[in-house]
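*Asks:* Have a look at the structure that comes next, please.
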């Protein structure tokens, strides 16, 4: 029966303790029940309230998994929420329902669209794999390549949709006009390899180049203005490139400014927060692991670079030498390219047929220079000893200057040739017009009537392959051949071939093709075959090829990134003269992506110094923007400076290329629009507009600087706030530690408790019969300890010898038990176990639950004094001992403020005549402790105990909020030490504990809480009658605690020698023991007498 009651009480305690933890959730459940019941009755008819309730229920259904409820509660709440939503959602208006449904559908669609778009991001998984194995620096190259691929896709669409496709659809077909027909002398060699390689023959007279497009203002039935579209698209290519570059740079700047600095907790974030727990693929897990390792290596390198010491003088000298070598390399490469271009021009003028090398030597030399020079710069950069990121930027800048120098030297040479071709064309035009205007020459022979002659009609200018029949005679008028006008140009190109725009486009496309071939060759030779050589011949070589020369290749970020910039610069420079060049670049970038990624994953090894790339990559974009600006200048210069070719292109016949705009405005727009455009384009408007733009740029730049400064200040404030927070946390921890140290120092430093304990254990007690009160320093637990002592009048004749162990208990086991920490509930919460320091004394410890073990007195007598050891002290219950002082030590730990009215048992107090407080405990609350054999109690009480007035019962309790608020079990400690021992704070930690039962029962071992069997009611106790004195009083009989003593408590001589060490709490009350029933049945008078007889008198 008691076991069931104990289990019921235990379950009640657990239920009460869980109420505090689930208080918020129970409120939510109760609100849910209330709302459900209110909605069931139909009290809520407000649409707004219904809508809010429905939203609340939907949020609850969405977050039901996160609630700390049981499964039954979750299911019940989910059912109720669904019922409410299904029942009352129809009360809302259809508009609001449609709006909510539409918003939800839009969110779902946007999420699905985002997930769907991610699938179409090209090469995403490939780039992630490369980044995981080679770091963010190598991955930035492939991200940059993918971004350039996107730009070229847009440029291809622009040129293809507005230029190439309209010309193919609505323009004149191939062979219909002279500019779309291959000359007869070139037809035989049009399909030769060298002709195709040099982009001649059929490729020259195709949509690839400028000369194929017609000059008709309108083509097709729709009247599409192809020349105007060609010019506007050419300008739009540069405009779009500028806009997308600036937009990307601004976005990256915002991202880098908005991103939090990860300089704090550098390694903690990488070690503890870097793993992605959504990874379910072993390959992805391997890649993520490699990425984390690389990021840690990057962080380690950053920390090492911060602490690197440098010799300033040597470093400056080495950097000066490195810059001199770089300048010499740049000057040599520029001179070499200019020399090769000039030589090729001279060869074209002096030779009629050129070899394959002579036709392609310019492109080959430029590609060789661009491939070899960056490696030389890489060797030179090793002298400078910069940070790897700074080294990369210097390398990028130098290679950029090299590429720009190569391109500009090439462009200058090409423009010289364009200038010479323009002069020849002008001379040809002037000579032709002179011969036509002066006279007409007749042929020296009569031609057959059916024979057709190539001639020019009078007044039509220079034309070829135009035939017309003479009237009446077969005499044909012809123009003097060009060899008459210029005898030095025997092997000059025909007027149809003198198209400098097509020549520039051919050179740019040829340069791009040869650059691609050299890139493929360098990847195969430098990376692939080198890796094969190192891999398979390292075992047979004289040295280790993998760790020494030539070793495996590393991915060179600087020159590869600059190679992309250089390639895109060639596209921008030649896009106006070759509209299909962006389309070719798209194919080139696709092949480059797959080839480079294969080479990196197969043939390259990670860098020895892996450094973190810039978060924004704005340095790459800045170089690309600079390259765009410099590549736009030659094109703009050619458009403005040179006259378009007369025999090819959509602008033939115009004085300048941009005249097509003014011509279109004059012919296709009203007069007033032309006048407005003329006024706007006048210098009176242009100059103030330019000045206004400069002022606007300056203003925006000032705002940008101020925002940057404020952003820096905000970052510093955040860092200061973080440091202050860390300081506050450190101060709180330090204050807590100091408080604990102070509370620890207070108890051992108190002289009252020390004197009491020393007098209690000394052979000559102090001549003091008063009551001493002591307030414990452990004020955190709300405990006030009172030590009451009654000293004997005469000292003992001799000192006490150390006590010996119990018979039958091994010494090693006893020492082990005395040095063992306490277990159970009090072992984790008691201040006496953890927060207090102790003197190096040997304690015989009585661990008891106040609510389950009655307090009882014992007489202690030494047995076998010569055999007691210094580390253990054993006290045994013996018979009467008139001169031995008796010690009563009662200590309750961790009293709490929170009590429960229906849980804690009532407390009974009495005050005897001497002023001592006596607290009565019923015997039936004890359940756990084992008892020692008891002797029959004394037959009667002392007169002082009989005349002690009783105190009122105290009834105050509060319910426990949680399990930790339950009262801990009080414990009792009886300490013994020699007189010579002092409480040194340095040795307060060496405390030896012994349980009460170990002292008296030897091998008896009991756990902290073991339910004991109920005591038999057959045991008879004397039941003296109660003496009512005014108020109801209870005078209990002699308790079992007095049975240990052979002398009666009425003996004044012995009672005067008793010593009491009392520790009482001031705030808490004893909680009910675990397993006790919470309610007690009403008892009859006889049962009440028996229970009162069972009360145990204890001096507290």
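Note: Cβ is positioned from N, Cα and C throughout, glycine not excepted.
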*Asks:* Which one of 264, 465 gets the tag N-linked glycosylation site in Swiss-Prot?
*Replies:* 264
*Asks:* To which of the residue ranges 929-956, 957-984 does Swiss-Prot assign the term region 'Disordered'?
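*Replies:* The range carrying the region 'Disordered' annotation in Swiss-Prot is 929-956.
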*Asks:* Looking only at what Swiss-Prot records, is residue 715 on the same membrane side as residue 353?
*Replies:* yes
*Asks:* Of 680-700, 701-721, 722-742, 743-763, which span is tagged transmembrane segment by Swiss-Prot?
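*Replies:* Within the set 680-700, 701-721, 722-742, 743-763, Swiss-Prot attaches transmembrane segment to 680-700.
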*Asks:* Restricting to CB pairs under 8 Å, which listed stretch, 149-169, 193-213, 226-246, 362-382, is in contact most with the transmembrane segment (619-639)?
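*Replies:* Selected stretch: 226-246, with the most Cβ pairs under 8 Å.
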*Asks:* Taking the transmembrane segment (226-246) as the reference, which of 149-169, 362-382, 509-529, 680-700 gives the largest number of Cβ pairs under 8 angstroms?
*Replies:* 149-169
*Asks:* Mind tallying the topological domain 'Cytoplasmic' (214-225) by DSSP state, helix then strand then coil?
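*Replies:* The composition, in the requested order, is 0 helix, 2 strand, 10 coil.
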*Asks:* Within this structure, do the transmembrane segment (570-590) and the transmembrane segment (149-169) have 3 or more Cβ pairs under 8 angstroms, counting pairs 6 or more apart in sequence?
*Replies:* yes
*Asks:* Taking the transmembrane segment (193-213) as the first stretch and the transmembrane segment (570-590) as the second, find out whether 3 or more Cβ pairs fall under 8 Å, excluding pairs closer than 6 in sequence.
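*Replies:* Between the transmembrane segment (570-590) and the transmembrane segment (193-213), which are separate recorded stretches, there is contact, as judged by 3 or more close Cβ pairs.
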*Asks:* Against which stretches of its own chain does the transmembrane segment (320-340) lie, if we need a Cβ under 8 Å and a gap of at least six residues from its ends?
*Replies:* 361-362, 365-366, 369, 373, 376-377, 380-381, 383-384, 398, 401-402, 405-406, 408-410, 412-413
*Asks:* For the transmembrane segment (570-590), which recorded stretch in the set 362-382, 394-414, 680-700 gives the largest number of Cβ pairs separated by under 8 Å?
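*Replies:* Between the stretches 362-382, 394-414, 680-700, 394-414 has the largest tally.
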*Asks:* Determine which residues of the chain contact the topological domain 'Extracellular' (530-569) at the Cβ level, with the cut-off under 8 Å and only residues 6 or more beyond its ends counted.
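*Replies:* Distant Cβ neighbours of the topological domain 'Extracellular' (530-569) are 134, 137-138, 140-141, 144-145, 148, 151-152, 370, 374-375, 377-378, 392, 395-396, 399-400, 403-404, 406-407, 512, 515, 519, 585, 588, 596, 600, 602-608, 620, 623-624, 627-628, 630-631.
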*Asks:* Could you give the residue numbers and ranges of same-chain residues that sit at least 6 residues beyond the topological domain 'Extracellular' (640-679) on either side and whose C-beta is under 8 angstroms from one of its C-beta atoms?
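*Replies:* Distant Cβ neighbours of the topological domain 'Extracellular' (640-679) are 178-179, 210-215, 217, 225-228, 230-231, 418-419, 422, 425, 429, 495-496, 498-502, 685.
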*Asks:* Please report, as numbers and ranges, the same-chain residues at least 6 past the borders of the topological domain 'Cytoplasmic' (341-361) whose CB is under 8 Å from any CB of it.
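*Replies:* Apart from its flanks, the topological domain 'Cytoplasmic' (341-361) reaches 194, 197-198, 409-410, 413-414, 416-417, 420, 490-491, 510, 514.
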